[in-house]
Amino acid sequence: MVDLESEVPPLPPRYRFRDLLLGDQGWQNDDRVQVEFYMNENTFKERLKLFFIKNQRSSLRIRLFNFSLKLLSCLLYIIRVLLENPSQGNEWSHIFWVNRSLPLWGLQVSVALISLFETILLGYLSYKGNIWEQILRIPFILEIINAVPFIISIFWPSLRNLFVPVFLNCWLAKHALENMINDLHRAIQRTQSAMFNQVLILISTLLCLIFTCICGIQHLERIGKKLNLFDSLYFCIVTFSTVGFGDVTPETWSSKLFVVAMICVALVVLPIQFEQLAYLWMERQKSGGNYSRHRAQTEKHVVLCVSSLKIDLLMDFLNEFYAHPRLQDYYVVILCPTEMDVQVRRVLQIPMWSQRVIYLQGSALKDQDLLRAKMDDAEACFILSSRCEVDRTSSDHQTILRAWAVKDFAPNCPLYVQILKPENKFHIKFADHVVCEEEFKYAMLALNCICPATSTLITLLVHTSRGQEGQQSPEQWQKMYGRCSGNEVYHIVLEESTFFAEYEGKSFTYASFHAHKKFGVCLIGVRREDNKNILLNPGPRYIMNATDICFYINITKEENSAFKNQDQQRKSNVSRSFYHGPSRLPVHSIIASMGTVAIDLQDTSCRSTSGPTLSLPSEGSKEIRRPSIAPVLEVADTSSIQTCDLLSDQSEDETMPDEEISSNLEYAKGYPPYSPYIGSSPTFCHLLHEKVPFCCLRLDKSCQHNYYEDAKAYGFKNKLIIVAAETAGNGLYNFIVPLRAYYRPKKELNPIVLLLDNPPDMHFLDAICWFPMVYYMVGSIDNLDDLLRCGVTFAANMVVVDKESTMSAEEDYMADAKTIVNVQTLFRLFSSLSIITELTHPANMRFMQFRAKDCYSLALSKLEKKERERGSNLAFMFRLPFAAGRVFSISMLDTLLYQSFVKDYMISITRLLLGLDTIPGSGFLCSMKITEDDLWIRTYARLYQKLCSSTGDVPIGIYRTESQKLAASESQISISVEEWEDTKEQGHHRSNHRNSTSSDQSDHPLLRRKSMQWARRLSRKGPKHTGKTAEKITQQRLNLYRRSERQELAELVKNRMKHLGLSTVGYDEMNDHQSTLSYILINPSPDTRIELNDVVYLIRPDPLAYLPNSEPSRKNSICNATGQDTREETQL
């Protein structure tokens, strides 16, 4: 034990108690040296300098004391003048000598001593080696003039009554005031306002001039009129204001000379001050000033951060933001680094916006500018990307930095961020709401190919409108379309709702159908109280709870609705019905209350026909009573619901030929193994068992695996979907995924061809090589040969994506010029092709499918202008390409981000509708087409009931196509070569249906008649030929001019196809679908008649929700489960 203790080493000296008491003796023998830093600041001069100059707070106190001394000296001078009795006489001694009492002299001497001592001390502390620089300063000279005579009078008593111009201390007070304001800003750590300082300097300069002039005139007139201070003040004000009454004038030459000198000084000093003030005012107008802290704490405001502010962006934001009633008291602070342009300045001067919008020029990366905008007190911050830049990645990087800067400065401020590229989205996952432009754009364009006009449907849903557009139009379709466009998505808690409270404990489809039948609202989704995920149409097995949040589509939210009983509502409907056409479609008020749909609204003109898709009653029962529909059950019955197991193809395989069975075995269902960017939502898709080699993805190049060099050689069963884009960005991945989603039937998958200007990257090819029937081709829509090789002649849809390289146009609206002209060429060459175009500016939609002599398009242009004058946010909605879903601008989706400030669920619902997000149990958007066999259903309410009772689908709208006889355009009549013929043609163009002209049957006689007239005139004017030669020439010319422009274009296309070795079979040269108009009816009234070829938008329940223990795997093909694929035309 002793050995163990002896082995323990002793503690170091610094740990022993004895050494702690006696000190470490070893430290004395240490060679280390203690160094003290900043010894230069320990000198007496440096300490004085620290107290008088460097330290902000002590320096502020010193300058405040100095300022008080100067004011006191001026006050003592005024007291001396007031106490002095003016003496008689005009001797010059009155100028140099005054009457000064002893106490007053003592005070002035004390002030002079303190002031002179302070001035000498500050001059010593600020001395930098040049003593003349200190002595010749104007403040030092004035201090010597005002202080030294009083100090001399201490030692020389006879000089106590010597006149000293103490009133000049006002200029020293002005100098002290300027320094004091600077120290004040330094002390309180706030940014100095140049405008405030300049105004302060101007006012103090003017006061000093007036005070100096008053005191000088009063003193010099001691040998003249003996003016008092008030008369001197009156004279100075009259003189400086250039009025000059002349009742008070100086008499002595000295006072006159002094006035001249003061006027000269004023003419030099004041204009300089005013010029600087005006310059600062103009600069402040450009920069926008500050948003005061008091306003930020007492008012509500949001901040809009943009890199460049355009008038379209500003008006879209303001119109959408202030469309909500509860946001009327909010203020909008715009933070932009660029100067306000003329158009924005003109708009912000309108009284409606000038009281609400505050423009600040500054950067979101500077804390000073964020402080000016009071970002920490803002209700929200909107950060928008500049999509007009060529390099969109650089624009995203700027947006990311702005978002980081705002989050760092104001962590509690909600962020609403717009990003362009999907690969940059994960950098701003912390933001409360994010809209990725390319994600939404490509998903919307993809759904446009299978659900027509999805882009128009989503655009109308995310715009705030009252549904008053087009109500004064004579066109019935415009009234219905405009009225239904006012439908939006709202939310309410079930137990607090009049619409849905009675459906507690009942199935979702039961609540959706009966709420639509009774109130005219469309219930599309719910969210549990304890769950953040929104479920769109969770299906008939979902039971409604009292605490569920219901999402529904209606003209207005329930809180703004009034309810009537059934009798009053029927009378109101009769009085408000203004349409008396064959289909009898009244436009109802906001809330519609209908009777039993299955036995209501009989119409003998609509007879039911048998068909395989409608479960129609037998022939005998059809003659006795109207076909009935099964009721929607309160609680789901498994046997009554036609569940669609999309994970199996057994029944499909049984009815297919052997070669189709072998082709189907190549497909599997699973999750894509590779995503091109971080943050993409996994979607269950149709995939290949093995990825396709990259060489086989090239459509126009043969390889060792296949020898096909054009789309026709592949022999596709379905028509193509062609996407024309500049580059294969990561966002293009979102175009492919919705078209290959697991709920799309295999036999209806369309081949996808990517027509790219630039070759795609390898990582993009690695992402798409797992999808079936996806190809790419390097080419451009400018080249007709590239279009023909990629299969444009047998394509179902052609999607033209706006190119980034066109963003560099000098004129903003010219960015779409190339795209518009290329699409117009496609429109002329392939008139039967459905072209879906993306534009940068919505205003350019009027140039899509442009026809110069189309009277109907001109009438729509006038309607658009009238709607814009009425203040509509959707004035462009009546343009035929937009209404039909053939044109789309991503800027129209900016309102989605703005609307999320009031409806925080809108981005989630839109992503679910577009298929960007997939939540277990949530439905998806699809469509069905009404055929002749479906017309027995008659009304939209019966269709609603049939869908809810059979498949559990919830319809949300109708895409309707009507025939229209358009005016004969220049493409149909191409022989109008003389003006007199044009006048006759105009007389022939008369409107017999929607401002259009006669039918196509009259075109051929018109052509023949005009051709003969032209031939006769030519034979009279030209040289005469005899016999068969003249007849031959005439016949050749007639044949030449009889060819229409359409025939010439068709011949051009066929010649190019023959040159490329392509077959011309299937090229429909004269099929023209331009004589129809299409539009959308969102949530139409229950008694709306369904018509032939109507496309009904459906939210279909998730098929996987009905399969217990079915966790899909992306590696295994699930082809042996039971069930069957659903068809796009829903099996009713």
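Every residue gets a Cβ built from N, Cα and C, even glycine.
Features as listed in TrEMBL:
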type: COMPBIAS; residues: 1115-1124; note: compositional bias 'Polar residues'
type: DOMAIN; residues: 299-435; note: domain 'RCK N-terminal'
type: DOMAIN; residues: 718-858; note: domain 'RCK N-terminal'
type: REGION; residues: 980-1006; note: region 'Disordered'
type: REGION; residues: 1108-1132; note: region 'Disordered'
type: TRANSMEM; residues: 64-83; note: transmembrane segment
type: TRANSMEM; residues: 103-127; note: transmembrane segment
type: TRANSMEM; residues: 139-159; note: transmembrane segment
type: TRANSMEM; residues: 199-217; note: transmembrane segment
type: TRANSMEM; residues: 258-281; note: transmembrane segment
Using DSSP three-state counts, the residues of the domain 'RCK N-terminal' (299-435) come to 59 helix, 28 strand, 50 coil
Under 8 Å Cβ-Cβ from the transmembrane segment (139-159), and at least six residues away from its ends along the same chain, one finds 73, 105, 108-109, 112-113, 115-116, 119, 123, 165-166, 168-169, 171-172, 175
Under 8 Å Cβ-Cβ from the transmembrane segment (199-217), and at least six residues away from its ends along the same chain, one finds 74, 77, 81, 165, 167-168, 170-171, 174, 177-178, 181, 227, 229, 232-233, 235-237, 239-240, 250, 255, 258-259, 262, 265-266, 269-270, 273-274, 277
Tertiary contacts of the transmembrane segment (258-281), defined by C-beta under 8 angstroms and 6+ residue spacing from its ends, are 194-195, 198-199, 201-202, 205-206, 209, 212-213, 216-217, 220, 239-240, 250
Averaging pLDDT over all residues of the domain 'RCK N-terminal' (718-858) gives 85
Across the domain 'RCK N-terminal' (718-858), DSSP yields 62 helix, 29 strand, 50 coil
